[in-house]
Amino acid sequence: MSKRPGDLACDLERSLPALASLGTSLSHSQSLSSHFIPPPLEKRRAISDVRRTFCLFVTFDLLFISLLWIIELNTNTGIRKNLEQEVIHYSFQSSFFDIFVLAFFRFSGLLLGYAVLRLQHWWVIAVTTLVSSAFLIVKVILSELLSKGAFGYLLPIVSFVLAWLETWFLDFKVLPQEAEEERWYLAAQAAVARGPLLFSGALSEGQFYSPPESFAGSDNESDEEVTGKKSFSAQEREYIRQGKEATAVVDQILAQEENWKFERSNEYGDTVYTIEVPFHGKTFILKTFLPCPAELVYQEVILQPERMVLWNKTVTACQILQRVEDNTLVSYDVSSGAAGGVVSPRDFVNVRRIERRRDRYLSSGIATTHCSKPPTHKYVRGENGPGGFIVLKSANNPRVCTFVWILNTDLKGRLPRYLIHQSLGATMFEFAFHLRQRVGELGARA
């Protein structure tokens with residue numbers, strides 16, 4: 001009589017230590033799990049990073065004009081007398097006070113429109129720039145500022161340039177980038193609306209591929225003995241070093257399971273955690289129970305990546321570029337586009353180290369470079385942080401195992417970070433779903 005899923009999960013929890021693994025990259029699923037539905041509009045971040053930078057620049061405009069005006073006031077006759085002359089006895093022809101007021105007008109109008117009201121239209125800055133430009137041109141023509149020396153030239157020019165820089169920044173940076181983020185958000189919502197777990201293909205743009213029978217790291221064989229069997233070039237030694245460092249980071253994450261932060265779980269018992277890794281940032285961890293022998297997952301996910309392409313349609317190409325030694329290799333992977341074309345295809349070059357230990361199978365890796373696959377204009381080159389896949393054997397039942405995927409990836413490009421984080425967990429759930437389907441099919445054939 002078979003055990004209930006809950007009982008199997010309990011058996012697994014009693015038998016498994018801290019786990020980890022490296023997922024080399026993100027290839028967004030065409031459908032997001034309902035457990036990671038993007039937040040509603042009212043709960044999204046109030047102001048984007050690029051808009052906040054724009055508001056800081058507007059503040060700089062006011063402060064810089066104010067500083068120049070104060071310097072101009074602080075002449076031989078004293079700042080108090082000059083301030084009285086320019087403000088109380090204001091004269092359009094000779095006073096700089098109106099240029100300061102103009103800067104304050106831009107500051108208040110732009111912050112009201114784009115920080116307080118968070119408008120997504122250019123009409124506010126069109127008004128402020130038009131008023132500023134017209135006023136400054138008229139003032140330069142009709143006033144006597146040019147007879148006042150350097151500041152007669154400097155203040156109008158600086159004010160004019162800053163006004164147009166603000167226009168350029170909003171029109172070419174803020175609004176286009178926020179529109180792209182909005183497309184991301186709507187694409188994610190549309191994907192969720194189509195229903196979770198209905199597409200063919202899981203995620204993982206940079207899956208760890210290693211040739212069959214090329215595992216190493218047995219309990220009785222040291223790294224020095226393995227590497228001592230062959231003379232390596234400087235580049236090959238660097239690949240081996242990178243692979244060992246990635247494995248060391250994975251082992252450190254394993255030792256800190258109590259510090260994993262719970263994020264989400266689903267009805268299958270899959271759980272996503274996060275942890276902050278020094279120098280590498282936020283790392284996502286998927287832990288899932290599989291009702292199959294660990295060796296089956298080891299073969300499908302780690303040793304035979306070509307099989308993964310059959311059931312993971314988001315990976316369009318995978319190639320082993322170089323086999324450095326038995327347990328170190330360099331791979332090249334290409335992911336398909338996702339989210340209705342919002343995310344363009346990414347390619348990845350990874351160095352991977354594969355080890356077989358008493359209680360687990362481990363594939364760890366990190367981004368690297370290779371002379372045969374330089375970055376091209378065809379794809380955006382993504383970059384993976386250290387992590388890996390781990391297949392954990394059960395001490396009590398050889399017919400079950402636990403699969404753990406640690407994912408630390410940078411997709412590059414102008415992608416909103418908060419939305420990437422929202423979709424990463426959903427992507428990991430999708431991968432677990434299709435992996436479970438795959439091992440179920442293989443088990444039925446056996």
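Numbering starts at 1 and runs along the chain as it is shown here.
Here the Cβ of each residue, glycine as well, is placed from N, Cα and C on the backbone.
Among the candidates Ser29, Ser218, the residue that Swiss-Prot annotates as phosphoserine is Ser218. Record note: of Ser222, Ser372, Swiss-Prot gives the feature phosphoserine to Ser222, with no matching annotation on the rest. In terms of which side of the membrane each occupies, Swiss-Prot places Arg52 together with Leu119. Per Swiss-Prot, the residue annotated phosphoserine among Ser210, Ser344 is Ser210. Contact between the transmembrane segment (53-73) and the transmembrane segment (122-142) is not supported: fewer than 3 Cβ pairs lie under 8 Å, counting only residues 6 or more apart in sequence. Residues 46-47, 51, 175, 178-179 of the same chain sit 6 or more residues outside the topological domain 'Cytoplasmic' (117-121) yet have a Cβ under 8 Å from a Cβ within it. Packing against the topological domain 'Extracellular' (143-149) from elsewhere in the chain are residues 92-94, 96, 155-156: each is 6 or more residues past its ends and has a CB under 8 Å from a CB in it. Within its own chain, the topological domain 'Extracellular' (74-95) has Cβ neighbours under 8 Å at 139, 142-145, 148, counting only residues six or more beyond its boundaries.
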